[in-house]
Every structure is written in C-alpha cells, then in structure tokens.
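S.K.: Next up is a structure, given as structure tokens.
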Amino acid sequence: FFIFIQDFSKAMSQAGSSQFQEVIRQELEYSMKVELDKILATAHSNEIEHTKKDLEGFKKLFHRFLQEKGPSVDWGKIQRPPEDSIQPYEKIKARGLPDNIASVLNKLVVVKLNGGLGTSMGCKGPKSLIGVRNENTFLDLTVQQIEHLNKSYNTDVPLVLMNSFNTDDDTKKILQKYSHSRVKIYTFNQSRYPRINKETLLPIAKDVSYSGENTECWYPPGHGDIYASFYNSGLLDNLIAEGKEYIFVSNIDNLGATVDLYILNHLMNPPNGKRCEFVMEVTNKTRADVKGGTLTQYENKLRLVEIAQVPKAHVDEFKSVSKFKIFNTNNLWIALSAIKRLQEKNAIDMEIIVNPKTLDGGLNVIQLETAVGAAIKSFENSLGINVPRSRFLPVKTTSDLLLVMSNLYSLNAGSLTMSEKREFPTVPLVKLGSSFTKVQDYLRRFESIPDMLELDHLTVSGDVTFGKNVSLKGTVIIIANHGDRIDIPAGALLENKIVSGNLRILDH
C-alpha cells in the first residue's frame, strides 16, 4: 500500500484506467481519515469542538486536492475582462461624497489579515508588531487610521483582526494598550490545518498540540480561510445584527490600504442601483509585479488567475505587462450578507494552492491553501477598481521598510502619503543585499535613514554601512566585495554613483 502512495503521482500520470486512479484516491482518503481521527482523539474536551471544525475543513480541502489535477485554468477560455468590469478610480472619485458620509461609514467593518509572522525579516512573533515608522508598528498605524476616521466623522467603524494560532496570543497581549482608543477591536482565528508529508500524503502531526517540536506540524491555510473562519466564529452574524454591511479586507503589512470613502460610497450608493457583492482593488503592473494575480473574464465571470494556475507554456504570456496590465492588491470590499449566504450554501469556490515546504530537519511537506481574492467568481455583480499605486504599499522585506521609513513619505493620522517634495509619483527601486535581510542588522547599518527624495534606483550588496545624513540621488549602486567593507561617510551625497569594493566612487 505504501509503495502505492509513494508512486501516487507517477501512477496518476501513467494510469490509463480511471478506475485505478479512483481506487488510489479512496485509499488515500481513507488513510487520511484514520490519521485525522487519531489526532482528534488526543484533544482535550475544551479543544474538541474547534479541532473537529478545523479537521473537517481540511478533509474537504484534501478531497478536492485529490480530485483536481495540474493548473486549474483552461488557457483557451481566458479573455480580457469587459471594459465596464474594471472601473478607473478617477471615475469613482468624480462622483464625490454624499452629505451623510457618516451613515455610510457606520455600515463598514475593517478586517486586517494578521496571521503572518515576521520570520522573513528575522523577527519573532507577529509581523504586525514590527516597528515601521517613528516606533509605530503596523498595528499602531492601523488603529490610528481608524481612530482618526471615527473621531473625524463621529462614527463607529470597528477593526477585526484575523489572527492565526501563530499570532493570536502575542496580538491579544498587545491589544490592551488600545483599550482607551476610539476603536472597537475584535479578533477571530483562522483554521489550523495539518501539514502533510509530500511522499505519503499523510499528516506529520501525531496529536493536536502545536507547541515546542510540534509547531512545524501545523499551518494556517492561507487568507482564503477568512470566509469559513469568520462565519464559524459567530462574529459575522454579530456584525450583521449590528447593521454592518461591508467589510474592507487587506493585508496588515500593506500600508497603502486605508479606508477609501469614494469606493465605500460607490458600494453603498451604486450609480445603477445594483450593489456589488465583491470589489477587488487592482493597480497597474510594473516590472516588479509580473507575478501578481490578475483579473480575467472566464466563463462569463470575473476571475482571479494566479501564476500557480497558469500552464507552463503560457507563463511568459501571463507575465506580459502589455497583455495583463493589472494585478490584485488584495484590498477587497465584500458584502457581509453575501458571505453569509454563500457560506451557508457551501458555495464559495477557491482554487487550491499547493505550497511545498522543506522543514528544518529536511522533510518535504505540502500545505494546501486558498486565497481570499479567488472567491470573486462566487459572488454576484463583482467589480474591479483600478486604483492608484499609492494604495499598494506592502512591506515584505527590509528594502520595502527603507522606503516607508524614509522622507519619501510623510505620516499623518496613521496614513503614509508620498511627500509633495518628490517630483515623480513613482517609488524608487530598492534592492538591499543579504546583509540587510534581518531587521536588527538593517537598523544597525543605518545611523540615520538617507534622504531619498530624488532617488530612482538603489542597489546595495555586501558589508555596507551608512553614516548620518547621507543623500542618495538618481541611480546608486554600492557593492562591497567579499571580505571588504564600505562605510558611506556621514553627510555624503551620492548622485548617479557606483561605489565598489575598495571605496572607489565612480560617476556613470
């Protein structure tokens, strides 16, 4: 039987007989059920209910994973979206705002995806607690933005955080500091699913615990899990009962994702009288975004297509900036009543993302995930809005962090806006080398953040440090060769310069 499983993928591709494939599928599902039952049996009485829900959700996902093969889009069916299905933001803004904007705002809930850890930037704990600007964390800035809205318009817009088992405890501890702020804050947890061995397709967890050596056995299954978890938490029903109608969902590390009153007004007071159930903010691709998911027309519905779903032969075409001009920012506006309806009918359809990982001990596992935006095709009257690039300001790396800490942006009530002193609206391209990957190393290498108002491109590689009050303009490339160190002196002005191994400064 185990030889069967190990040769599963080979057998699936070679088997002429669909009957044979079906037998293997059933064997795998049965083995999975046995293992999950064993795991559930180790749960304490107070854990049984939510563990059962998690494992049921995982079982459904696993069943679909066994049914589906290869990239799940038929490339021939992909069409460009109809003109009116992606509206320019300018057109939506031109409608202006109604006098009673407060009553519109009172129908809104802000949801931030807060399941991620800061590991890629060398930090322990939730990513939302990393300091990004004047000692403020992502979470601080989010609370400040919503508090500013509530005070300015005398409204009650709540903040909801979707945590994961990785971030829940630390986040809840920190929430006490906002107890006197004018924002109601709620949390719910996304599901906890078992990682599965790539060879055997069985869970690597032996019991329900997820601390100590068992932390690697479990994972949060992507932000597509928001629909089921939000519904299961009871919070969705409570908010509907309070008269809330829409959620604005975004990644907590996207500092451009602030509440936009014009988009909200368009949702609540649509020009044609027919409300959208789902709005996705998209923005124009640059060379840096070629892998981003894009909106297409597919079987008469708007559909988000991610690079993982594209057949290999068409990947270059997918990356083409001329054919697919926009990508998904993951800023989404969704009707609460529609989530409830679709969740109760089990009608939210999201493609499975198979995410391979190698654990510290060298074991190859896979995680089955879904993405929140992929559900767009399940909602009625969906719409894309092509927003300015300023609404997409994610901080994924210390290169991004350098941009948002610099004088390119000014901070006002928790919102970052591009400085008026910058002549070009585009953001400079910044690439910091591996010596800067971890936040603490990055901070140690800058005595102060350089003046970057006139910078177009910065590449830094190797052991480089920056003194105080450095100015960078145009294109600056600094490369310290292995074993060399470059210290940019305090007050230095580098304009269109290449600085290499032994501190020769070249014009170019």
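Positions of Cβ are set from backbone N, Cα and C atoms, glycine also.
Note that TrEMBL annotation is computational and uncurated.
Marked as UTP binding site by TrEMBL: LYS127, GLN190, GLY222, ASP253, LYS396. Marked as substrate binding site by TrEMBL: HIS223.
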S.K.: Tell me, if you would, which residue among LYS127, HIS223, LYS396 (binding-site residues) has the fewest other CB atoms within 10 Å in the structure shown?
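M.R.: LYS396, out of the binding-site residues LYS127, HIS223, LYS396, has the fewest neighbouring Cβ atoms within 10 Å.
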S.K.: About how far apart, in whole Å, are the alpha carbons (Cα) of HIS223 (substrate binding site) and LYS396 (UTP binding site)?
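M.R.: Their Cα atoms are separated by 16 Å.
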S.K.: How far apart, in Å, are the two Cα atoms that lie farthest from each other among LYS127, GLN190, GLY222, ASP253, LYS396, the residues recorded as binding UTP?
M.R.: 21
S.K.: Suppose we draw a 10 Å sphere around the Cβ of ASP253 (UTP binding site). How many other Cβ atoms does it contain, all chains included?
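M.R.: Counting Cβ neighbours of ASP253 (UTP binding site) within 10 Å gives 22.
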S.K.: Over all shown protein chains, what is the count of other CB atoms within 10 A of the CB belonging to GLY222 (UTP binding site)?
M.R.: 23
S.K.: Return the count of C-beta atoms lying within 10 angstroms of the C-beta of GLN190 (UTP binding site), excluding that atom itself.
M.R.: 27
